Amino acid sequence: MNPSQILENLKKELSENEYENYLSNLKFNEKQSKADLLVFNAPNELMAKFIQTKYGKKIAHFYEVQSGNKAIINIQAQSAKQSNKSTKIDIAHIKAQSTILNPSFTFESFVVGDSNKYAYGACKAIAHKDKLGKLYNPIFVYGPTGLGKTHLLQAVGNASLEMGKKVIYATSENFINDFTSNLKNGSLDKFHEKYRNCDVLLIDDVQFLGKTDKIQEEFFFIFNEIKNNDGQIIMTSDNPPNMLKGITERLKSRFAHGIIADITPPQLDTKIAIIRKKCEFNDINLSNDIINYIATSLGDNIREIEGIIISLNAYATILGQEITLELAKSVMKDHIKEKKENITIDDILSLVCKEFNIKPSDVKSNKKTQNIVTARRIVIYLARALTALTMPQLANYFEMKDHTAISHNVKKITEMIENDASLKAKIEELKNKILVKSQS
């Protein structure tokens, strides 16, 4: 049996939208395939990883059932050479699909914490339970940039596609450009058909719709049409509806008519979990020291954190060396916020001692009393995260024999953080106090 035919036959097992968005993009690679190995090319690395994980076993099973032969399925990103052979029609198709959902943005890959669990719960509920759509409609998710709003929005889209629903995802910019283009071409009917006749409408950064009254009027009618047809609407924004500038009151009223859920900056434990999830997805192995350093040193923008992880892996691969804490510090030095340059270890020591009611001289001594040892380790941990001091410099500050003693203390406090939720919260609180003080 021709392996390409397997994909065609799989159409019967999947919804039309699911097949068109994912498996229809695969091309059988006959040159690299063997009797027991079937290789398929996906348009990019992201799509390849997603299809391999989600559909690899299904394709293998389907092939075995229909052909009687077993084979390993390998989904890979097509090479640059193969990409260059794309026709103009292919390129036009890619441009037309510029708002396609990111297949890696799923509920399973979203890390849930106190900062986002309400928004996550609401979105997951309506994605899997149609009856809740009438109650939770629209859903309005707001919060600062880079905290996972787009991930959550597209997770709803991907789950809805699997259920065979017609999904439209667009940023406000996409929506405005789409409207403007169709208006110039005299094809507004096409625009209306696209946006009004969908089961799920996902609008990212809805705050930017406030550019013209005409755009808002169009969105108002689309919004009403979808709701009247029992369609689901989910939007994201940087602020809640009542704080949106330039948006008409009637739109604000409709935005606020369903569920309003905020996403706030993640706590330390959630940031650590996010970093681990990103490492797992990108097949990158980082030590606990490095993970904790990234979590405590960077801000809350998840995209920035993922960028650092990928940069670390690139540095290590190109230079042919292991990813160490020192390499992480070197790579991250330009990303760490400038406000941290104002933080000294004396500031950290003073605050920690005040919190634990301990003398600074005791923390800097070699006393082994448990509360003093814990305070000392917290000072070292925060100094590693918030200052540019090296381990030898810290060893000199605490009058320790050498940097290995500092490394030992970092390892111990990291283990304590992982096993003690209250300690995690306390260190996060201390860190925030130090950062706030450095800005004053």
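Each Cβ is built from the backbone N, Cα and C atoms, and glycine gets one as well.
Annotation source Swiss-Prot lists region 'Domain I, interacts with DnaA modulators' at 1-74. Positions annotated as region 'Domain II' by Swiss-Prot, on the basis of sequence analysis: 74-99. Per Swiss-Prot, the feature region 'Domain III, AAA+ region' maps to 100-316; the stated evidence is sequence analysis. Annotated ATP binding site per Swiss-Prot: Gly146, Gly148, Lys149, Thr150, in sequence order, evidence recorded as sequence analysis. Per Swiss-Prot, the feature region 'Domain IV, binds dsDNA' maps to 317-440.
Here the features listed in Swiss-Prot are placed on the structure.
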residue: Gly146; record: ATP binding site; Cβ neighbours (10 Å): 16
residue: Gly148; record: ATP binding site; Cβ neighbours (10 Å): 25
residue: Lys149; record: ATP binding site; Cβ neighbours (10 Å): 24
residue: Thr150; record: ATP binding site; Cβ neighbours (10 Å): 21
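Apart from Gly146, Gly148, Lys149, Thr150, the residues listed for ATP, the same chain places the Cβ atoms of Gly143, Thr145, Leu147, His151, Leu152, Thr236, Ile263, Ile302, Arg303 within 8 Å of the centroid of those Cβ atoms. Averaged across the region 'Domain I, interacts with DnaA modulators' (1-74), the predicted model reaches a pLDDT of 80. The DSSP breakdown of the region 'Domain IV, binds dsDNA' (317-440), given as helix, strand and coil counts, is 92 helix, 0 strand, 32 coil. Under DSSP, residues within the region 'Domain I, interacts with DnaA modulators' (1-74) fall into helix, strand and coil as 43 helix, 12 strand, 19 coil.
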